[in-house]
Amino acid sequence: MCGILAVFGCTDNSQAKRARIVELSRRLRHRGPDWSGLHCHEDCYLAHQRLAIVDPASGDQPLYNQDKTVVVTVNGEIYNHKELRAQLKSHTFRTGSDCEVIAHLYEEHGENFVGMLDGMFSFVLLDTREKSFIAARDAIGITPLYIGWGLDGSVWFASEMKALSDDCERFTYLLPGHIYSSKQGGLRRWYNPTWYSEQIPSTPYDPLVLRGAFEKVSSEKMRYKQAVKLTAPGTVHTISRHHLCYHALIKFMLLSISELAVIKRLMTDVPFGVLLSGGLDSSLVAAVASRHLADAEAACQWGSQLHTFCIGLKGSPDTKAAREVADYLGTRHHEFHFTIQEGIDALEEVIYHIETFDVTTIRASTPMFLMSRKIKSLGVKMVISGEGSDEIFGGYLYFHKAPNKEEFHQETCQKIKALHLYDCLRANKSTSAWGVEARVPFLDKEFINIAMSIDPEWKMICMFASLLSRVLLFTGAIGYMVSNIRPDLGRIEKWILRNAFDDEKNPYLPKHILYRQKEQFSDGVGYSWIDGLKDHANKQVTDSMLMNASFVYPENTPTTKEAYYYRTIFEKFFPKVQYYSFLALDLLSSKVYSGAGFIYLIAACQHPGGPSVACSTAKAVEWDASWSKNLDPSGRAALGVHAAAYEETGDTKAANLMNGSPQKRLEMLEKTATVA
């Protein structure tokens, strides 16, 4: 990841102002320690801190069109830059950088080119001919971008708040999937997929389609294109939902798009690896990357053995599972450990870098922050990670309580739209703190479109199957579950993704890893990590402090001592950040926000808040009234669902089954299978 800073309309364009821009840009150098660049044009400044991933030798920024009348500073990667270059035959390129294509696309198509980009990006572009500028952010908000306003009327953009907090009167994040245009005087949404309206899709599920969305075999490209046509809007209902051939076709599509999402992210000129927690998502990423690395250009430079990385407390669930996956895939595995005290000692630095006081994000960011430092020390500059899958497929354990497919689908849509405040923010800023770039194939635009077009009935979780799968995993009988439970019963969380990669002839992963229960990263690094954080916060925050929290923090008032503690640290670094309780604009509409009205975008939740269980939204807490008494974003707060919940409640037989002897478990299993 790189760091960008841009300022337009300064009343002061003296040498002192230039020096100030350089100083503020330097606050982002952790994101791009390889080179610094600055372009000045009258009262406009575009600064860049570069992390060199593609074309390290000549791709320094800012970048230009052929006659240097268009200037752009970019943070991100454009995976289809070669295809786009091929379309711009009359243009002359100066570098091999994937981001240079942005300046030329603007010259060719004006402001309406952003949808052509396949990648993760935030960029600011200056057209010196018209003295106009645009700023845009990728579809989901994988890369951060903030907008601010100075008292002199200037408009500012930066990759992180710390570059704006001292010089802007107000600032907020630029919405994902949006473009800000000085010509049109405001913001508009360029990303308009079908799922964004939250209407319930009806495409039948086929696991091969899903696998194809994540992984692509080049010899099957034509079959994939045919599958896309067959599942296009308006063609779905011409094919029987129960036709086995169609089921196989959809499964192939899912597989092909899945593999392609990973393959395109192997584009790199520097050493790289995969973050492997041993959970489903990261394990699938590692499995697909391992299969296709030998055919990638990166293998010519860095070899065909994939590097994988994991962190946790000693003896944690994740480190054990990750080690097993690495052995299965034959990767060169690097396992790191940290202590609770080392994590606590890093909290202030973590919060400074990730720029949020959200409890879940801080819990998960801390081990990721520590791991990224270790990774950078090995000379690695890019990693591929598994963020996004849980939001797309309803993988968090609270989805077990979704009352119907309509609410299930709407919740997944809301979760995807909010990713830029949570997992995207964590993955980007925790790694960028040490000059490491994180790529996330599950958030590939094509993959999301395929996955979100599937009838959410297929994503719904069957409570019976979920319990039985836990039992079978515990007894080592997972093969029985896969082969004997009917598809309409055997749906644990993310079942459609697991099933898509359940290949008997050429297995991607061991069965018990493929069907491992969802474990949030902050839990998987070791259950005592969260317990240790709570204990530490309880020593720092008194009962009276928490009782008066609403007076100290009237907006997004912390409700726990842990949340209060994080908030005090955040306020120390960002005291000027303002919070507003009103929402003056419909942020999800596609209309243009113009003039002074755009300032009210600050009214959006600058930081998330509200009750949560297992990373749920406040709405989803309503799905189970009993959870309101145990509000905590940890997955272990999903009482009766998580195998190691804070407190086991619910069916006594289920509890006895999980805690009884192996013989009793098998006896109960036989009875349950007979009933099914």
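Keep in mind that glycine also has a Cβ here, set from the backbone N, Cα and C atoms.
According to TrEMBL:
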- C2: active site, for GATase activity (ACT_SITE)
- D98: L-glutamine binding site (BINDING)
- L275, I311, S385, G386: ATP binding site (BINDING)
- 2-185: domain 'Glutamine amidotransferase type-2' (DOMAIN)
- E387: site 'Important for beta-aspartyl-AMP intermediate formation' (SITE)
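Structure with TrEMBL features highlighted.
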residue	record	contacts (Cβ under 8 Å, 6+ apart)
C2	active site, for GATase activity	R31, G32, H48, Q49, R50, L51, Q61, V74, N75, G76, S159
D98	L-glutamine binding site	V54, D55, E77, I78, Y79, H81, G119, M267
L275	ATP binding site	S282, T308, F309, C310, M368, M371, V383, I384, S385, G386, A438
I311	ATP binding site	D318, T319, E335, F336, H337, F338, P367, M368, L370, M371, K374, V525
E387	site 'Important for beta-aspartyl-AMP intermediate formation'	D281, L419, D423, C424, R426, A427, A438, V440, F442, L443
Site diameter for ATP, Å, by largest Cα distance between L275, I311, S385, G386: 15
Binding-site residues (S385, G386), the one with most neighbouring Cβ atoms at 10 Å: S385
